[in-house]
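Pasting in a structure now, in structure tokens, and then I'll have a few things to ask.
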Amino acid sequence: MPSHRRSFMKKVAIGASAGISGITAGCLGDNDDTELQVGIVDPLTEPVSLFGIDEIADTAGENMGAEYELTVNAAEGSPQVINQLSAGELQIGNVAYASFPRSVAQEAVPGGITGIVSEARDAHPDYKPWEILTLEDSDISEPEDLEGSDFGVNAVGTGVHAICELGLREFGLNPDEDIDWVEIEFPAIGSALRDGRIDAGIFVPVFSHAEVAEGGVELVFDSTDVWDEQYDFTFLAARNEFLDDNSDTVEYFLEDYTNLLEYIYDPDNRDDVVSLASDEFDVPEELLDMYYLTEEDFYRPQDGRLDIPRLQEVIDRLYESELIEDNINVEDNATNEYLP
């Protein structure tokens, strides 16, 4: 079993007191070809963050420390990850379904990037979607009532914002004229809603469950009203220049990643994983136990495979809806060939 080491380099908040730091695993000397710098955005959505937990890494990371060294860094959003990929600070990084085609079309990363593994899918019929919530005592009882509202979103122009825009269009509203967008970090959307600073907002599962548990909120619509089939909302992409010269390293990493998925989704391991994740990310264990790695969470394909034809359909719709300026051929820019 490989020997792991951990160092803490950067903290990014999940909630008021929750976060993930940079994680370094494995000791290999000075061979840069075996050093993987991986950038993520949301530790609770992206399972690779769990490699920061010794007990999990020692079990799932069979190649880690022997074939490659891993550093995971949390960023504020996919655009920051793209910038780090462009600068060569990362070899692999998180991209969302909306930032991915933009970065490919604009050649934001020298040599380009290729999607290599799914992290989470949205709009699965049996799993938790993105949810737009309002207060129970608000004047909003159906989506059409959002006209004239202050709407909380993490950032305008993101994939999350695209869900909101497309949903509003589905219900006959003009997102540019009928809505006042308020940019708020995910952890603060709930308090902004309760303080009256916004009338509605979009919630990732962890915060949706927290608000529902506190009470006084209700659902306006969710991403299944926008997308009729599941799709890869977030996935990891690698710099092509790195892939060309280090395919074996990427294959070793993805073998460990799929081992990780198998481990954390084993029902016999869930209690331990929830407890360890609670300690690692400083999130109440009771909250994680409500949803984490269950059907109340995002769906994650345990083989890690990207649904490339479906992703093409989703990106086509973004282009046709003028939410991205340029379309791309997903098949030319994503692959499952490095997965076991």
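Placement of Cβ uses the backbone N, Cα and C atoms for every residue, glycine included.
Grabbed the feature section from TrEMBL, which reads as follows:
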type	residues	note
DOMAIN	130-265	domain 'SsuA/THI5-like'
Could you give the mean pLDDT over the domain 'SsuA/THI5-like' (130-265), rounded to a whole number?
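The average pLDDT of the model in the domain 'SsuA/THI5-like' (130-265) works out to 97.
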Using DSSP, what's the helix, strand and coil tally for the domain 'SsuA/THI5-like' (130-265)?
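The breakdown for the domain 'SsuA/THI5-like' (130-265) reads 62 helix, 34 strand, 40 coil.
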